[in-house]
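*Asks:* Take this structure first; my questions come after.
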Amino acid sequence: MRRIILSIDEPISKEKLVEMEDGLAAVKVGWPLILSIGVDGVNKLLTGLGLKKIFDLKLADIDNTMNLIVEKLKPMADAFIAHSFIGVRGSLGSLNLQGRELYLVLSMSHPGWNESFYPYLREVAMEVNPEGLVAPATRPSVIRKVREDFPTKVVISPGVGAQGAEPGDAICSGADYEIMGRAIYLSERPVEKLREITKKMEDRLYECKRAKDRPR
Ligand code: BMP
C-alpha cells in the first residue's frame, strides 16, 4: 500500500530515499530543501527516483511570476502546489504548468488557519479544476467536507505525525494520501520508521473500513 507522500524539508541521503522508494507514493519538496541544498542538489537527489515529485512552493502570485518559477523547475517536477486564495483571473486561470499537475490548498493544518475562507477557496478550486487538493489531517471534518464537495479529486493531507494526526486518520476521513515529513526524516532510522508508520496506517484503515462496513 503506497499512501504516504514523504515531505523532504531537510536534507536526506539519496541512499535512504532509494531504500524508502517502494513504500512511498510520492515525494514533496519545497523551499526548505531548495534553500539547503540548492536546485542542483534537489535535482541530483530526485533524478532516477521512480516516484511522483510534487513541488510545494505554495505558489501565490500573479500568473507571470508563477509561470517563471514553473519554467525553472518543470524539468524536475510532476506537480506543483499553489494557494487557491490568489483567485482565478490574472493568476491561477493563466498559470501555465506545461503538463504538470496542480494541487490547490483548500485548508491548512495549523491551529491558526481560518476555516471561514473555505466557501471562497472551494469556488476558486471548482473554477480552476486542478488534479488535486490539499486538506489537513488535523481536521478530519474538513477532509470529509472536501471529499463531499470534490468526490473525484485527489486529496493529499499534511499534519500527520509531528502535527498530531495519527497515520490513517486522514484517509479514513476521505483523503487519498497522507503527507509526512518530520515523523520520518527526523527519525534515526527513517527506513524502519516508514515501515512502522505504514503498518500503523494499514491497521487504522482496516479498522475504519470495518467500521464503515458494519451494518447499522
Ligand atoms: P511535517 O510532517 O514535518 O509536519 O511536514 C508537513 C509538510 O506539509 C511541510 O512541508 C508543510 O509545509 C506542509 N504543509 C503543512 O504542514 N500543512 C498544510 O496545511 C499545508 C502544507 O503543505
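Residue numbers in this text run from 1 along the chain shown.
Keep in mind that glycine also has a Cβ here, set from the backbone N, Cα and C atoms.
Copied straight from TrEMBL:
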DOMAIN    3-197  domain 'Orotidine 5'-phosphate decarboxylase'
BINDING   Asp9, Lys28, 56-65, Ser109, 158-168, 181-182  substrate binding site
ACT_SITE  Asp56  active site, for OMPdecase activity
ACT_SITE  Lys58  active site, for OMPdecase activity
ACT_SITE  Lys58  active site, proton donor
ACT_SITE  Asp61  active site, for OMPdecase activity
*Asks:* Under DSSP, is Asp9 (substrate binding site) helix, strand or coil?
*Replies:* coil
*Asks:* Among Lys58, Asp61, Ile62, Ala165, which recorded positions lie by ligand 1, judged by Cβ under 6 Å to any atom?
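*Replies:* List returned for ligand 1: none.
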*Asks:* Hey, how far is Gly161 (substrate binding site) from Asp56 (active site, for OMPdecase activity), Cα to Cα, in Å?
*Replies:* 19
*Asks:* Between the Cα atoms of Ser109 (substrate binding site) and Asp56 (active site, for OMPdecase activity), what distance do you get, rounded to the nearest Å?
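*Replies:* For Ser109 (substrate binding site) versus Asp56 (active site, for OMPdecase activity), the Cα atoms are 15 Å apart.
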*Asks:* Mind looking up the mean pLDDT for the domain 'Orotidine 5'-phosphate decarboxylase' (3-197) in the predicted model?
*Replies:* 98
*Asks:* Measure from the CA atom of Ile62 (substrate binding site) to the CA atom of Asp56 (active site, for OMPdecase activity) and give the result in Å, rounded to a whole number.
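*Replies:* Each residue's Cα considered, Asp56 (active site, for OMPdecase activity) and Ile62 (substrate binding site) end up 17 Å apart.
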*Asks:* Which site among Lys58, Ser109 has the most other CB atoms no more than 10 Å from its CB, taking these as binding-site residues?
*Replies:* Ser109
*Asks:* Hey, what's the Cβ neighbour count for Asp9 (substrate binding site) at 10 Å?
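*Replies:* Excluding its own Cβ, Asp9 (substrate binding site) sees 18 Cβ atoms within 10 Å.
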*Asks:* Provide, as an integer number of angstrom, the distance between the C-alpha atoms of Asp61 (active site, for OMPdecase activity) and Asp9 (substrate binding site).
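*Replies:* The Cα atom of Asp61 (active site, for OMPdecase activity) is 22 Å away from the Cα atom of Asp9 (substrate binding site).
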*Asks:* Provide the number of Cβ atoms within 10 Å of the Cβ of Gly161 (substrate binding site), excluding the reference atom itself.
*Replies:* 22
*Asks:* Report, as a single number, how many Cβ atoms besides its own are within 10 Å of the Cβ of Gly181 (substrate binding site).
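*Replies:* Step by step: centre on the Cβ of Gly181 (substrate binding site), count other Cβ atoms within 10 Å, giving 20.
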*Asks:* Take the Cβ of Asp56 (active site, for OMPdecase activity) and count every other Cβ within 10 Å, whichever protein chain it belongs to.
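*Replies:* There are 25 of them.
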*Asks:* By a simple count, how many Cβ atoms lie within 10 Å of the Cβ of Asp61 (active site, for OMPdecase activity), its own Cβ left out?
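*Replies:* Neighbour count, Cβ to Cβ under the 10 Å cut-off: 17.
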*Asks:* For a quick check of understanding: among the binding-site residues Ile62, Ala165, which residue's Cβ has the most other Cβ atoms within 10 Å?
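*Replies:* Result of the Cβ crowding comparison: Ala165.
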